[in-house]
Amino acid sequence: MNKKNREVTSSWFTNLRDLVCAEFEKIEEEYAKAKGLKPGKFVRSSWERDGGGGGVMSVMKGEVFEKVGVNISTVFGEFSKAFRAEIPGAELDGKFFATGISLVAHLKSPLIPAMHFNTRYIETSKNWFGGGGDLTPFYPEEDETAKFHAAFKEACDKYDSGYYPKFKKQCDEYFYLKHRKEPRGVGGIFYDYLNSGNFEQDFSFTQDVGKALLSVYPEIVRNKLFLPWTDEQKEYQLIRRGRYVEFNLLYDRGTKFGLMTDGNVEAILMSLPPEVKWA
């Protein structure tokens, strides 16, 4: 395992966390000031993992963001024997190191899309990056979807013209509810097991994926910040959120990885919306 690689990746995820939290709090302040309300603020709580490592969970419940969670973690140790076969390079001794950031935003307004994003770096006897971002609007708009995809395409095209079509396809396939036979949202990009043989390039790409998210999602939120919405639209949002819950509990790799490595349960389930309905 490479100590320097572990340190620089972990440091970046912490830095990205700070940038995201600052920008989301700024949006809260803009809205609250205009409406004469008290803006939400992130509340942080640290946790430690018995087997090694830990993380920091940042959660904000505000006037714009009904619930947004940003979790960073750096954990290490040994996979259980039952889980080793599922992780590349873990078959022999099961040792691993994993660091990353995960964030999910659920907005009060049903007109503003929910968003999920994560990037991570993992070492076993092998090493790789993974992650991506995806958008879940309740009332999709073509221009908004195109803008979201364009930000990630620009990040991808800097490195390989084949990245975006490949990672978009992987996102569409991954965020699909098989039991419902429907996609979770309008996609984005999703990549895993990325190791081109050039650590610096793969790390730079992963950083640019984070910067792409910061460049586009706050703009999407601000564009609809003051649009009025109805009780019927809110009800529809709550029902559609049920799909989000179903995916995260049935299919999400991050949820499974966290639970199988004795991660913090509250941090792992941080992505679940604060209120949801099933019809």
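Cβ atoms are placed via backbone N, Cα and C, with glycine included.
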Can you pick which of Ser80, Ser102 Swiss-Prot lists for the same substrate site as Asn118, Thr119, Arg120? Ser102
Local Cβ density at Ser102 (substrate binding site) - other Cβ atoms counted within 10 Å: 26
I'm trying to understand the geometry here, so how far is the Cα atom of His149 (divalent metal cation binding site) from the Cα atom of Arg120 (substrate binding site), in Å to the nearest whole number? 20
Rounded to a whole number, how many Å is the Cα of Thr119 (substrate binding site) away from the Cα of His106 (divalent metal cation binding site)? 19
How long is the line from the C-alpha of Ser102 (substrate binding site) to the C-alpha of His179 (divalent metal cation binding site), rounded to the nearest angstrom? 25
Suppose the substrate site is Ser102, Asn118, Thr119, Arg120. Which further residues of the same chain have a Cβ inside 8 angstroms of that site's Cβ centroid? Phe13, Gly100, Ile101, Phe117, Gly130, Gly131, Gly254
